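Undergrad: Next up is a structure, given as structure tokens.
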Amino acid sequence: MTTEKVNLLDFDRKGLRTFFAEELGEKAFRAEQVMKWIYHFGCDDFDQMNNINKQLREKLKAKCEIRAPYVSEAQHSADGTIKWAMRVGDQDVETVYIPEDDRATLCVSSQVGCALECKFCSTAQQGFNRNLRVSEIIGQVWRAAREIGLEKETGRRPITNVVMMGMGEPLLNMKNLIPALEIMLDDLGFGLSKRRVTVSTSGVVSGLEQMIGQIDVALAISLHAPNDKLRSEIMPINDRWNIEAFLEVVRRYIASSNANRGKVTVEYVLLDHVNDGTEHAHELAELLKRTPCKINLIPFNPYPGSPYKKPSNSRIDRFQKTLMQYEHTVTIRKTRGDDIDAACGQLVGDVIDRTKRTKAKQFDGQAIPVKTL
């Protein structure tokens, strides 16, 4: 019987030190040496770790591995965006690299599919299978960094920002999300600033409450409607945690956070003649008066079979100007990678649906059908 090897990408620094001490009988500083090799040098070969003694290298080869998701397909957009299908087990999740003049952002998935069934999101139409492991979340960053590193001659910018805005709801995978975030921030990991790592949530209040005092990163919230009636129609999670409950915990999180500089990013997808009217803009502006924020408007990105359309430029412009009358900071997200279906709301991957779509989801606490790892 073959014993499965331990994937070292599943450990943050604390977990790796504990594993080295308790399972390998090694001093904790050895764990930090190995961690530096993994994340600073993109190394997955123990034999290349030349400051590690041979005895430990042999022990690591016998018991451990460094295994990130691999790229099963890559698509390149005309604007420089790259979408990778990353193989996790027998399925794919999607990871998107978005280069800009002064930064390069990586959009990372947290689940295989999504159980929340937001009506405007193509990921939701794929159903839900399971949570990603720590190694499968941080492994997307590791693999992407390595892919970019292999293409230095093209002048691609190294990853400077990570956004948890890919497939899935991050706060329904807290067990694996937090260690992955810790590795992103750790000096021995990717060493990113807390202001350059963003978690986006559709409103999992219990998860956001757990984050308070536990991890400090930038926060973006998927609001997408100015009132509970409309939000429940397009985002069923609102039936479990309504807007008032959501914004209350958001205010508490940003009050405890240094990463957010006192403001949360409010994401609002504009759906033609659904939530993009002037009356919706006035209602949204009033709703957010007590929540320090900047508002990011996202014109809808169509996908095959979608019942919604992108609003006209005049409707988008009018919505923005109405919000600005209330002295809100309002931006319109530039669509990137839409020619390869890599834009916001277009990610689908390859998902074996484990949810029963003929039955309504019951948002009782976090009693959503989530297979944990």
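The backbone N, Cα and C atoms fix where each Cβ goes, and this holds for glycine too.
Pulled the feature table from Swiss-Prot, pasting it below:
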| type | residues | note |
| --- | --- | --- |
| ACT_SITE | GLU94 | active site, proton acceptor |
| ACT_SITE | CYS344 | active site, S-methylcysteine intermediate |
| BINDING | CYS114, CYS118, CYS121 | [4Fe-4S] cluster binding site |
| BINDING | GLY168, GLU169, SER200, SER222, LEU223, HIS224, ASN301 | S-adenosyl-L-methionine binding site |
| DISULFID | CYS107-CYS344 | disulfide bond |
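Surface or core, plus neighbours and distances: that's what I need for these features.
TA: DSSP assigns GLU94 (active site, proton acceptor) to a strand segment in the three-state reduction. Using a 10 Å radius centred on the Cβ of GLU94 (active site, proton acceptor) and all shown protein chains, the other Cβ atoms total 24.
DSSP assigns CYS118 ([4Fe-4S] cluster binding site) to coil in the three-state reduction, placing it in neither a helix nor a strand.
Neighbour count (other Cβ atoms within 10 Å of the Cβ, all protein chains): 30 for GLY168 (S-adenosyl-L-methionine binding site).
Reduced to three states, the DSSP call for CYS107 (disulfide bond) is strand. Listed in sequence order, THR95, VAL96, TYR97, ILE98, VAL163, MET165, GLY166 are the same-chain residues at least 6 apart in sequence whose CB falls under 8 Å from the CB of CYS107 (disulfide bond).
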Undergrad: How big is the Cα-to-Cα gap, in Å, between GLY168 (S-adenosyl-L-methionine binding site) and GLU94 (active site, proton acceptor)?
TA: 10
Undergrad: Roughly how many Å lie between the Cα atoms of LEU223 (S-adenosyl-L-methionine binding site) and CYS121 ([4Fe-4S] cluster binding site), rounded to a whole value?
TA: 13
Undergrad: Need one number for the S-adenosyl-L-methionine-binding residues GLY168, GLU169, SER200, SER222, LEU223, HIS224, ASN301: the maximum pairwise CA distance in Å, whole number please.
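TA: The widest Cα-Cα gap among those binding residues is 19 Å.
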